[in-house]
């Protein structure tokens, strides 16, 4: 497991030949990509946004789970969008961190059979500093979850 920090735009990450990439973000369970990085996902991937919203409205008990969607431009980008259900806006930062751990463990299982890019022998998940915006979780708390996951490596994109 490695957490690597990259200065730049998450959406410029490109797939190695023959592989797909994962762009992950923390999501609410209400079906709204309305603010923060989620709003950027909604503008960039309106079809995936509709799929996410429909999924949320048809399902319950989503906290601690993940939803993997193909990006609208999957044929070109080979990008999957990982929706990590970490909050419904009623959780403490500690609860959000717990749900982050659970959702990433589920994501790791979902990715096992897919041709996802690797580094250091692990599949890679690309993300911003999840939970640290609207959900208000100190980044160090989420980072601790990433550090202990043995099955995935993380590229965390930061913008100055």
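The backbone N, Cα and C atoms fix where each Cβ goes, and this holds for glycine too.
According to Swiss-Prot, the domain 'Macro' annotation covers 1-160, on the basis of sequence analysis.
Residues annotated as substrate binding site in Swiss-Prot: 8-10, 26-28, 33-38, 130-136. Sequence-distant contacts of residue 133 (substrate binding site), defined by Cβ-Cβ distance under 8 angstroms and a gap of at least six in the same chain, are 35, 36, 37.
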Give me the mean pLDDT over the domain 'Macro' (1-160), rounded to a whole number.
95
